[in-house]
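Here the structure comes first, spelled out in structure tokens, and everything after it is commentary.
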Amino acid sequence: MARWWPILSVLLLCCAAAQSQDKLEGVDVEEVCADRPADEYFRLDTEGDCREVYRCTKSGLKEIQCPSGLAFDVLKQTCDWKAKVTNCDEKEKPRKAKPNLKTDEPICPDGKLSCGDGECLDKELFCNGKPDCKDESDENACSVDEDPNRAPECDPTQCALPDCFCSADGTRIPGGIEPQQVPQMITITFNGAVNVDNIDLYEDIFNGQRQNPNGCSIKGTFFVSHKYTNYSAVQDLHRRGHEISVFSLTHKDDPNYWSGGSYDDWLAEMAGSRLIVERFANITDGSIIGMRAPYLRVGGNKQFEMMADQFFVYDASITASLGRVPIWPYTLYFRMPHKCNGNAHNCPSRSHPVWEMVMNELDRRDDPTFDESLPGCHMVDSCSNVASGEQFARLLRHNFNRHYNSNRAPLGLHFHASWLKSKKEYRDELIKFIEEMLGRNDVFFVTNLQVIQWMQNPTELNSLRDFQEWKEKCDVKGQPYCSLPNACPLTTRELPGETLRLFTCMECPNNYPWILDPTGDGFSV
């Protein structure tokens, strides 16, 4: 059989090519490809098994085929399980009318722009979240690069610390300090509920004995989601100087809910989540000022308008593609200094008084000097090729060196606790890495807020021992607020049939807090 296999493969390929060629006969490529984006995949017909699609190239139509068992979803533009694809009867994703923003001669008077059908409307009405053109084209060209009311490009003469920071390509060091004098900051962040499944891991990593070069214990940032969280444990993390931020109230698993969320959705999810954490973890110092979007599905301008109104200082959901030099966090008064990368590409296009704690992708190659390039990964657990402690150790040290030997932009190590707990060797390697780094005198494990505090007041290494902002909650002694929290068994009309335990040192509420009733005091329909 082995002898015949190559011949059989060639015959199969020839048959497939011949079938494809038959299908393309009589197709007017120019007509099919007119005004079609080069990266759009489409079907030529709706017969067959829904696996093959085409895209337009300079040399004609290029065919791709999903593997057996999958079908092509023209709306999502990706292969998916056949049972999940509901548009096999559609040839292409719906075309949206685009406004006439670039014309040789002006079509409209000053201050107005042309809709796709030639109607002239005020420039401010474009990309404001509601269609004003009759053909709705004013809401169809609103990306970071297209929005007619987009934020201007970075202007260092107009953007000054401590309130504003930008640079043309995002790689400039704040304060113009030489790289050798910049502390290499490392942020360890965790997403999700804090509870009995992971408290021991956090105790292990942040045991109070591991100290930064300024004598303060190392700190982390926790993006807390509501369901299943033990708020007495969150209260104790906060008491010990860690940063508590929010990761949403419902953590709905429909990604489009986040990408296309309204202002009110983001308000209820993030401000509601903050209200719950403040109340049941008894955090009264106004320190919950950061958020991360579930699935890193950034919510565009609506998310950031809500953040500014609700006094959130930073977002930590936007990823930057793996590049030669990593990117420093920046404010969004001016345009993002990198391409809108990641899920659904709904980055904010307007100007917002918010910091972006950008997630630089990690280089996950096993041997960077030899391996061919691979796409980066933003969460450590999304580096799917890391399967052993040894590989994880190499990933940590190689990415540390990428940051340390270039512009010393903060290195973000972002985790779901379940991944670190899935193999004891992962936890051991992370602790070994932390202790090795603390043997240097220029590496600090800090919170996201502490990164911003350093950027607002850039301070050279030799003066950092007295850097006041990093001295607050330096080493915390004492006991947890309560040794035996209330284990409140609660229900809510919003989640019928579920009884959920709320662990808190505070009094039990009447109902389980949820999106319409974040205080748990009850709500009227």
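Glycine too: its Cβ is placed from the backbone N, Cα and C atoms.
Annotated features, as they stand in TrEMBL:
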type	residues	note
DISULFID	CYS108-CYS120	disulfide bond
DISULFID	CYS115-CYS133	disulfide bond
DISULFID	CYS127-CYS142	disulfide bond
DOMAIN	30-90	domain 'Chitin-binding type-2'
SIGNAL	1-20	signal peptide
Integer Cα-Cα distance in angstrom, CYS133 (disulfide bond) to CYS120 (disulfide bond): 8
Inter-residue C-alpha distance, CYS127 (disulfide bond) and CYS108 (disulfide bond) (nearest angstrom): 18
Secondary structure tally of the domain 'Chitin-binding type-2' (30-90) (DSSP, helix then strand then coil): 7 helix, 21 strand, 33 coil
Whole-number Å value for how far CYS120 (disulfide bond) lies from CYS142 (disulfide bond) (Cα to Cα): 17
Integer Å distance between the CA atoms belonging to CYS108 (disulfide bond) and CYS115 (disulfide bond): 10
List of residues, in chain order, with Cβ under 8 A from that of CYS108 (disulfide bond) and at least 6 apart: SER114, CYS120
For the domain 'Chitin-binding type-2' (30-90), mean pLDDT (0 to 100): 87
Residue, out of the disulfide-bonded residues CYS115, CYS120, CYS127, CYS133, CYS142, whose Cβ gathers the largest set of other Cβ atoms within 10 Å: CYS115
